[in-house]
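Notes follow the structure.
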């Protein structure tokens, strides 16, 4: 069972973490995080598909390719994106500095950055951050690490879960940052997951890649896919279960737990979108296939007209249907049924007769479920999103440079 | 030369128009327009590609297929979309009522609606509107018609142009409404064009279809494709030029004039987007092909982060580059050059050194040109858009139902 738990990435055996102030953020808030496994860990990762990927994405992809890692360093306040060769050098230097400090090799260090694009890393502050964070590494350090990676998030995102595999207790924990520039495709933001499960790297990557498609890739705050997105899992095997190496019952137990954790985390990121006042769960039913179901869900999730309507608590189902109609997915208006909460608002090609007061009550909730039954196939999917408020415009219309 | 001109759809010979108050809009503003040609006119049209198309779209498509028309009736305040069989019956009845009033046949009447989705047409008011408008038909009635079709537009959109073909003066005029739910694909909003050119219907449709791709399909206010979009041209031949029937010099002259008119009108629609404080011209240079150039331009035009940055006069080129990177188009960050106004802000894979004060001056302008040189091909394209402001959220977050 996945639960909110500040233990986060230090919930699993053999992991320490720290979050410190390195002086990168102008606000003076914590901005540097370190997560370390006592022993070698299998590593899996998914990264942004943006052609304008940040330097740390390139560096970390190489580490994932190598198959194992022992540490994650992450800074907020500076994305190290669009920074050219200097950016690549800085990301590599960050890994090297952390490796030297921890007595490991640079190719065992995942590097992640989030913040403003186009600014180079302040390497003196990064160096200080690494030293301070290494000194602060603690088995209860996850909360500080979670706090150090957030930007415009309004709360830290930290989850844990546990399962029994081969009679052994296996722990999984995660921290994430989200908020703005959130639109899926592969990975969506920064999320670090640690587990003491004993699992083969290939299977770990298989699990993560499959799970991402129905969790982090199914959320959208604003349709913008970041240059820095990554989801990384470290699995150090300290739970002592027999190694998971194939698609057996052990793998299924691990997979389901990781999937549940990723779904919950994705939902938390969507719910805490910049300026969000509503958390929208958009269920697509009976689509022809998954791609179509996702298209309809994402089209609704990204429609500024739908998002502003929900912000205004306006049960404007016409905009929802309109967004479904231009999604590119197969749909037949006359067969489609739309519900807000448990109230049918559209069916048989036209607006349904509904209890206005009951519908107003649904629209006034913070969590709203939208059901779109396409009735032309048998595939379901769920997309999570939020509304578009004055606050989003304020946060992103502020002068940053 | 295209000019702003209230003569609009009555600029060409043999056209009359009217705009009246039929009581459809709660505000009591004009909401019913009628445009009539004295004689049979060749008709061409392009319509929304939204699978949830409004009833008037189906009715008008049939009229365009028939090849000729004599009248256009358009109401604002009610979209007659998602209204089922009742909506189809109402749209057909509207055409029949107008035909009876004008002494023509129903299949010569284009029907258009714009406004709230999911509400059926108040047919008694439509009937009254038809009578009142028919009585008010006038050679100077275009301004009233333009005023009757707008919704959240802040000004009427009316253009004219003229050319010489075969020694004869040929006139073209247009009115349009835009504002919200504006994202191209085929047609984008309501735009009615009249001309006294003598042109074969097939060539008229060919011209319009090609022109739409680089005018109305290249603008975006909010990425939402409406259920009701249409662009319709009536050509009644009263200029007396020899009939344009093939791809000759006469056709080219007409085509270029119509293209210039459509581009200017599309720009006006983008500039008057709901809540817009900025008009953005996004030039994509040296893309591999037109589809890629459009993808990059549209991705930038639709990015909420880019739009809010321009609203805040924040020269945040990182967001522009980020949007280009996730557009799906081929692009190489290191080869790409980004300019705001005439100032290079990004080149050689990193931020350029620029004069901050000069850039602030560019960002403070109402009209801002963004140039993205991809440097990997030889195809250019231009997309027009606007910013995302508090006012957009206000307009669309208001409770409409």
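Placement of Cβ uses the backbone N, Cα and C atoms for every residue, glycine included.
Here TrEMBL flags A:151, A:177, A:188, A:274, A:396, A:401 as substrate binding site. Here the Cβ of residue A:177 (substrate binding site) has 25 other Cβ atoms within 10 Å, regardless of which shown protein chain they belong to. Under DSSP, residue A:177 (substrate binding site) is assigned to a strand (E or B) in the three-state scheme.
TrEMBL lists A:188 with the feature active site, nucleophile.
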Of A:151, A:177, A:396, listed here as binding-site residues, which sit with their C-beta under 8 angstroms from a C-beta of chain B? A:396
Check the binding-site residues A:151, A:396 for other C-beta atoms within 10 angstroms of each C-beta and report the one with the most. A:396
Reduce the DSSP letter at residue A:274 (substrate binding site) to three states and note it down. coil
Can you check what DSSP calls residue A:396 (substrate binding site), collapsed to helix, strand or coil? helix
